[in-house]
Amino acid sequence: MNPAEAKAVPISKEMEGPHPHSKKRHRRQDAKTEPEKSQSTKPPVDHEKKAQEGKPKEHTKPKSTHKHASDGEGKHGRNEKTASRSKEPVTPAKRTEPETKPQDTKPAGGKSVAAGTTAAPGKAGDPKKEKKSLPAAALAEPKPDEPSGKSGMDAALDDLIDTLGEPSETQEDSTAYTGPEISDPMSSTYIEELGKREVTIPPKYRELLEKKTGVAGPPPDSVTPLGPDDAIDALSSDFTCSSPVASGKEAGKEAAKSAGEVLEAESAKVMRAAAPPQEKKRKVEEDAMSDQALEALSASLGTRMAEPELDLSSIKEVAEAKRKEEKVEKCGEDDETVPAEYRLKPATDKDGKPLLPEPAEKPKPRSESELIDELSKDFSQAKSNEKQPKPTGKTEESKAAVPAPVAEAVPRTSMCSIQPVPPKPASLQKSTVPDDAVEALAGSLGRKEADPEEGKPVADKIKEKSKEEEREKLGEKEETIPPDYRLEEAKDKDGKPLLPSEPTAQLPALSEDLLLDALSEDFSGPSSASSLKFDDAMLSAAVSEVVSQSPASITRATAPPPDTRPSNKELDDALDKLSDSLGQRQPDPDENKPMEDKVKERAKKEHKDKLGERDDTIPPEYRHLLDQGEQDKPEKPPTKKSKEIKKPAGDQDPIDALSGDLDSCPPAAETSQATEKDKSKTTTASSSKAAKHGDKAKDSAQTTEETSKPKANEKNAS
């Protein structure tokens, strides 16, 4: 510190203290008696202010208050007070000085200042004792009277300044940290790349390089590394004389220069202190000795051989095999690669069959009539109601114009193929139907009924289609019949098949005209033969009807052409007379039954031999019981069914049957009987057409007849 600053600090600190009244007195005395000292202390104060600007502003509040007071007074004493106040919290050593000065400042003059400066360093170590002694000394001081020359404004300002008190001292926090130890575990490590230096090359790769290029590897590391002291002792043992060492140094330097300064051994720089202690002198000497040994060692090594250049021509590029892209199936990409445990199992029903997905319901397609109804429902209905009665009359007239069909009942056998279609009236064919009639007719028609098959889902149609597929049944062809169940042909003794005894003569195919001529030539008898008179056209029509009812498809005759056809009235009369002569047809009970009932009845009519139904099937143990029971019972008369059932006549061609009766011309009574016989024959032919399974029914009837006959014989025998 400057001596001026050292003098200025105690003067300014003298005025500060715990008792403001004592400060006032000393300030006033100093201001009056020593104005020169206050002027001399101003430059150091300004210097200290500049020094404090760089420091942190800890006490801003006291500065502002003291500046305000100094502006009001405008005196040198006040300026000194503000300078001393602002300079207070600089160092803890300075804070202790003003506490000790009030006791030493009793004598006035520069001696008190010098005593304060000398006493400060000695008492700096006991700040607590000084604080305790201050208040007692301050109370013991007598209060001198205030000067009469001071105004009341200054006294008021002094009192106001005294009420502010001293700025609080900032004590530095000197408490030691007792928390956990903070450590930074992160550390940077340098990892050298493989092969960057020769040391980092792996041994196996080094062998390959030595074989190809002949480069020798680095020398192997020593097993036990020597310390610095051991190396110095080993090297310095040979250097007992100083002269060879010097010569060795010179030789080493010359060799290093001649080799182009390939290898240079630098001595380690030693940082020497100004006055090293006695303990470190020995270590410095050892370092100097080690430098000399290293230089001698480097001189003895000689020059380093230059590395040979690599011959790049001998290096061959390694040709790697070209890689091909192969598609590898991933697990789960296909169904086959999915493990069995993870496969999705389809939903099955009770029988284990997979459930078909329910088809989505498709909207039903609307018909034209429905679309027309929807489009026309918004129109007014008054016009349609008015127009409806008009076409009804027209339709009734048109219906009346159509000729009514024949009212008389004609048997089906005679009216099957020759009934003429009523011709359409010319008025309906030529005249166009008016629009009003069409609208009325469309309004009277009901809505189209939905087709039940139309709304069925696709799955049902597929099922129905599969049901309609035809398949060859077992036994339908001879190839499908097992060999054990095939019919064996009749063979002679030599094993040759027997030929039919009388080969059937094939009749030539006759045309319709020849058949009609053959049938009509026998009707040339006398008029007394029959009471009916027919024209040739009527007769041909009647004969064609009979021929059309025959089972032979070739002999069916169609109606005559329209040019030769007679009038409808005459034909109807002829047919009526012919139908009257035939008599009424007996209805066939099996004709109107559905196909399912026939199949069921046929299944019921099939006969199977039951146990005990015949004598052959009765066990011998139970035969005597039946014999005893039959002796007690009276004999039953033969049933009516057995009498009525007769063997049906053999099938005969209806044409032959008809033509056989027409060879002779019997009387009228005989002709009527013949017509009745013809009627019965034609009915049998028609019934054979209606019932396809008639042969099986006959077989069942024969079996029942045969079974009834032995039973009746047994009863008669018993």
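Indices start at 1 and increase along the chain as displayed.
Placed from the backbone N, Cα and C atoms, the Cβ positions cover glycine too.
The compositional bias 'Basic residues' annotation in Swiss-Prot covers 20-29. Positions annotated as compositional bias 'Basic and acidic residues' by Swiss-Prot: 30-61, 68-104, 320-331, 342-377, 384-399, 446-496, 566-579, 587-650, 706-718. Summarising the annotation, Swiss-Prot assigns SUMO2 cross-link to Lys32. Taken from Swiss-Prot, the feature compositional bias 'Low complexity' applies to 114-124, 400-411. For 170-222, the entry in Swiss-Prot reads repeat 'Inhibitory domain 1'. Residues annotated as blocked amino end (Ser) in Swiss-Prot: Ser290. Look at Swiss-Prot and you will find 307-359 tagged as repeat 'Inhibitory domain 2'. Positions annotated as repeat 'Inhibitory domain 4' by Swiss-Prot: 587-640.
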Same-chain residues at least 6 beyond the ends of the compositional bias 'Basic and acidic residues' (320-331) whose Cβ lies under 8 Å from its Cβ atoms: 337-339
Hey, does DSSP put Ser290 (blocked amino end (Ser)) in a helix, a strand, or just coil? helix
The repeat 'Inhibitory domain 2' (307-359) resolves under DSSP into 6 helix, 2 strand, 45 coil
CB contacts for Ser290 (blocked amino end (Ser)) [other CB atoms within 10 A, all chains]: 18
